[in-house]
Amino acid sequence: MAKEKFERSKPHVNVGTIGHVDHGKTTLTAAITKVMAEKNGGMARKFDEIDSAPEEKARGITINTSHVEYESPNRHYAHVDCPGHADYVKNMITGAAQMDGAILVCSAADGPMPQTREHILLSRQVGVPKIVVFLNKCDMVDDEELLELVEMEVRELLDQYEFPGDDTPVIMGSALRAIEGDEAYVEKIVELVQAMDDYIPAPERDTEKPFILPIEDVFSISGRGTVVTGRIERGVVNIGDEVEVVGIRPTQKTTVTGVEMFRKLLDRGEAGDNVGILVRGLKRDDVERGQVLCKPGSIKPHTKFEAEVYVLSKEEGGRHTPFFKGYRPQFYFRTTDITGAVELPEGVEMVMPGDNVKMTITLINPIAMDEGLRFAIREGGRTVGAGVVAKIIE
């Protein structure tokens, strides 16, 4: 008898607030929790509770993030808000808080500012699928034309980074007035959440994606063959499935002849399971840690890609000195380190600890990768940076 499946009545969607400092991200977060709690049940969270974000560690990097939850009529939202700009950069690059969509907060009184642009760019680089816009502090702008101008600027900025500016929902409101209970502005929060329900797609569940298992270990079991072990990253695998071994060496095909978990035999394994998979016709030496087992054709090995990278500061245990072009650290993908060479963008001579930078990386061996894959940069086993694959080149 299978375990009872955990039933969620509403789909679960992860979102976050992004935008320039002091444009009202945290106030909006507080306003949404208050209005949704009144309409749909749940807990209202005050500005101060959200603002004093606890420290978390993601891949050895310290990030301050606040997590709140609320219900819309159709969905359950988990929402992240960060106090400082650096926290956003780290959060998005490490994927510590996965975002199915983002709420871009822009003050109508100030219009788009440098971090507005940077957060849109980061969203593009790390693969945030959709953005909805909340023009905040509209109560401070009397001029209708000025509001339209700011809206136009934001839409153009979205277009620049390949988000559909014209189709993006833009809600005009005031988070503070909504918290104070001003009905007209409370209505704008309801409108915003409705726009999120309609415009941000519900994420595909991990079990519905193509199967992939990063290989951690390989054993040979006499009389039975070769077993690879690891945790299934996504998808489902059944006995009899054809799979490929991808990365480091030329791709090989094989068939799954057994799946076991805690020494019990199963018919199938799914995302999140730690399993041993028996593969037909492969010797122990044909497979190694760092490769992946996957659905045939679903993922290809690559060596050259563009990445968005955050370099740890000295305080975070990173490098004490900058690095220059020709830097050759190890790149840790899933279960293994691969050496690679770094090319910096034109006009960038060096990268300081604490910076974030776009770079092109060429690995000495191919690794199974998709855009959006996260990695760590290491020197002799010590993490000195975190990155995400933004664009595959070859």
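Cβ coordinates are placed from backbone N, Cα and C, and glycine is handled just like the others.
Since this is a predicted model, take the numbers as computed values, not measurements.
Annotated by Swiss-Prot as region 'G4', the relevant range among 136-139, 232-235, 312-315 is 136-139.
Looking at the stretches 19-26, 251-258, 267-274, the one that Swiss-Prot records under the feature region 'G1' is 19-26.
As annotated in Swiss-Prot, region 'G3' covers the listed stretch 81-84 rather than the other ranges in 81-84, 345-348, 369-372. The region 'G2' annotation in Swiss-Prot falls on one of the ranges 60-64, 140-144, 155-159, namely 60-64.
Local packing around the Cβ, expressed as the count of other Cβ atoms within 10 angstroms, is greatest for LYS25 among the binding-site residues LYS25, HIS85. In terms of DSSP helix, strand and coil, the region 'G3' (81-84) has 0 helix, 1 strand, 3 coil.
A Cβ distance under 8 Å defines the sequence-distant neighbours of the region 'G4' (136-139), meaning residues of its chain 6+ beyond its ends; these are 23-24, 27-28, 105-109, 147, 172-177, 185. Residues of the same chain lying 6 or more positions beyond the ends of the region 'G2' (60-64) and with a Cβ under 8 Å from any Cβ of it are 53-54, 82-84, 87, 90-91, 94, 96, 310, 312, 316-317, 376, 383, 386. Secondary structure at CYS138 (GTP binding site), taken from DSSP and collapsed to helix, strand or coil, is helix. Across the region 'G2' (60-64), DSSP classifies residues as 0 helix, 4 strand, 1 coil.
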